[in-house]
Amino acid sequence: MSPLWLLTLLLAPSQALPFEQKGFWDFTLDDGLLMMNDEEASGSDTTSGVPDLDSLTPTFSAMCPFGCHCHLRVVQCSDLGLKTVPKEISPDTTLLDLQNNDISELRKDDFKGLQHLYALVLVNNKISKIHEKAFSPLRKLQKLYISKNHLVEIPPNLPSSLVELRIHDNRIRKVPKGVFSGLRNMNCIEMGGNPLENSGFEPGAFDGLKLNYLRISEAKLTGIPKDLPETLNELHLDHNKIQAIELEDLLRYSKLYRLGLGHNQIRMIENGSLSFLPTLRELHLDNNKLSRVPAGLPDLKLLQVVYLHSNNITKVGINDFCPMGFGIKRAYYNGISLFNNPVPYWEVQPATFRCVTDRLAIQFGNYKK
């Protein structure tokens, strides 16, 4: 993996798909946020955008840790079996890649002098301990990738410049109040794959955050967490143990564009629950235990994609998806998945999908008991 390629990927505009990581660099935000304008997607503060390219001009510092590759202010020290953060890192380093090593601790002075660091990659190490001042020198850090480690808590005193935090696949059970305080520029947190229960979120844990994107998938949630940021455009809670969506569960999240609730145990969605999501474009409810199409879909005028496959739906009514009358829906569906449901699809009336762009956008059949 060349340092220049790593730099190119990190400097590319962030985009977000449902999280399916095939390789480390696969989890930047996908084209779902392209539906928003640039200011909404990246935040109005200049620290949330791409760094000034003029500051990334080549330097020819002789400092480069043994065994690492250094080029264009990128220091790549991955896959070296390192036990600690290496010394002799050039102070003008912008990207430091330490993934796939055996680092177990981040000490107080490990990043001393790295005041220009923009991205720090610590994925797939054995980190279980982080000194409370380990990140203090990193005054310009915007991306911190510390997934697949042994952390039992969110690191304290994260840099106030941070925009993106990837901390999934650790051992975190609690999100205390104040752990994100001062992070005014943060817009993306990926914290799935941790053994988090609903009781693990202290009241006010997300106070002050203005997130666009939050993923808490593959955890132990039994309901939608309370008091998540009202600013969210994407919320992914797939692969949990959520059993129902109650009336006020989604009350706070009127700015959602995409909601991921696939691979849960949802049997019931209370009438009116979806009415709080007027800007919703994409809804994932696949692989649950629903017995009918959720009420309220026709009232979501911007909804374009609905995943309902692999449920227990036995009937599809003529008004389950489309509003009655013409000109009411502002965006037609371009994807409705209903396959692997016990629906006698030959009984579904063609008018049921009168607000779908193309018949190929509808997926039926292939039900197996």
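Note: Cβ is positioned from N, Cα and C throughout, glycine not excepted.
What TrEMBL lists as disulfide bond is Cys64-Cys70 (among others). Cys64 (disulfide bond) has a Cβ environment of 18 other Cβ atoms inside 10 Å.
The feature disulfide bond is assigned by TrEMBL to Cys68-Cys77 (among others). Sequence-distant contacts of Cys77 (disulfide bond), defined by Cβ-Cβ distance under 8 angstroms and a gap of at least six in the same chain, are Pro65, Gly67, Cys68, His69, Pro86, Leu96, Asp97, Leu98, Asn101.
Taking Cβ-Cβ distances under 8 Å and a sequence separation of 6 or more, the neighbours of Cys322 (disulfide bond) in its chain are Pro298, Lys329, Thr352, Phe353, Arg354, Cys355, Val356. Among the features that TrEMBL reports, disulfide bond is placed at Cys322-Cys355 (among others).
The domain 'LRRNT' annotation in TrEMBL covers 63-95.
Look at TrEMBL and you will find 1-16 tagged as signal peptide.
Using a 10 Å radius centred on the Cβ of Cys70 (disulfide bond) and all shown protein chains, the other Cβ atoms total 20.
Every protein chain considered, the tally of other Cβ atoms within 10 Å of the Cβ of Cys355 (disulfide bond) stands at 18.
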